[in-house]
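A.B. asks: Supplied in structure tokens, the structure appears directly below.
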Amino acid sequence: MVRVFLLYNLFNSFLLCLVPKKLRVFFPPSWYIDDKNPPPPDESETESPVDLKRVFQMFDKNGDGRITKEELNDSLENLGIFMPDKDLIQMIQKMDANGDGCVDINEFESLYGSIVEEKEEGDMRDAFNVFDQDGDGFITVEELNSVMTSLGLKQGKTLECCKEMIMQVDEDGDGRVNYKEFLQMMKSGDFSNRS
């Protein structure tokens, strides 16, 4: 569960920085997660190079180490976000520090660093609300299972698996993840005992 939340948070932060406010939605990067090459279990930083690279690769479709306007457009369209060409150009320019018309991994990492510094409580609440489907302030086993299943993730396909994921972050032992637990998990750097 922690790994899914971390990748989700990285991807979501990137989209929040780029997509105009009226079009902002929250999408998990589940369809890009490579189960064959998982990151080492002892990673403890939310913005680890492995996770940042995975998010970058979501947009770098041809794997050349650069995100072009076309690749950004394709990725956003796959998420149901359709942007005018002029907005796509502005998005690339916002990230393109060296002026080559593309975004490389270093520019992406710099952008993410600034996003992390400016993270707002509202963004975290919106991310939490994706999983808290009934709006009662808790992520239950059933809600987690519903989200994980709808995303087509291998992790969390069974209620038992989701229960185990909940237990990993449930600090008060009530069998659910409340917003405080979610926020602490996302903002703390101590994921080594939960991964």
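Our numbering is plain: 1 for the first residue shown, then up by one each step along the chain.
Cβ from N, Cα, C; glycine included.
So Swiss-Prot lists these for the protein:
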type	residues	note
DOMAIN	47-82	domain 'EF-hand 1'
BINDING	ASP60, ASN62, ASP64, ARG66, GLU71	Ca(2+) 1 binding site
DOMAIN	83-118	domain 'EF-hand 2'
BINDING	ASP96, ASN98, ASP100, CYS102, GLU107	Ca(2+) 2 binding site
DOMAIN	119-154	domain 'EF-hand 3'
BINDING	ASP132, ASP134, ASP136, GLU143	Ca(2+) 3 binding site
DOMAIN	157-192	domain 'EF-hand 4'
BINDING	ASP170, ASP172, ASP174, ARG176, GLU181	Ca(2+) 4 binding site
A.B. asks: When the domain 'EF-hand 2' (83-118) is classified with DSSP, how many of its residues are helical, how many are strand and how many are coil?
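C.D. replies: Within the domain 'EF-hand 2' (83-118) the tally stands at 24 helix, 2 strand, 10 coil.
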A.B. asks: Take every residue in the domain 'EF-hand 4' (157-192), average their pLDDT values, and give the whole-number result.
C.D. replies: 80
A.B. asks: Give the sequence-ordered list of residues that share a chain with GLU181 (Ca(2+) 4 binding site), lie 6 or more positions from it, and have CB atoms under 8 Å from its CB.
C.D. replies: VAL169, ASP170, GLU171, ASP172
A.B. asks: Fill in the CA-CA distance, GLU107 (Ca(2+) 2 binding site) to GLU71 (Ca(2+) 1 binding site), as an integer in Å.
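C.D. replies: With distance taken Cα to Cα, GLU71 (Ca(2+) 1 binding site) is 16 Å from GLU107 (Ca(2+) 2 binding site).
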A.B. asks: What are the DSSP helix/strand/coil residue counts across the domain 'EF-hand 3' (119-154)?
C.D. replies: 21 helix, 2 strand, 13 coil
A.B. asks: Report, as a single number, how many Cβ atoms besides its own are within 10 Å of the Cβ of ARG176 (Ca(2+) 4 binding site).
C.D. replies: 18
A.B. asks: Nearest to ASP96 (Ca(2+) 2 binding site) by Cα distance: which of the binding-site residues ASP64, ARG66, ASP132, ARG176 is it?
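C.D. replies: Result: the closest of the binding-site residues to ASP96 (Ca(2+) 2 binding site) is ARG66.
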A.B. asks: Give me the count of other Cβ atoms within 10 A of the Cβ belonging to GLU143 (Ca(2+) 3 binding site).
C.D. replies: 20
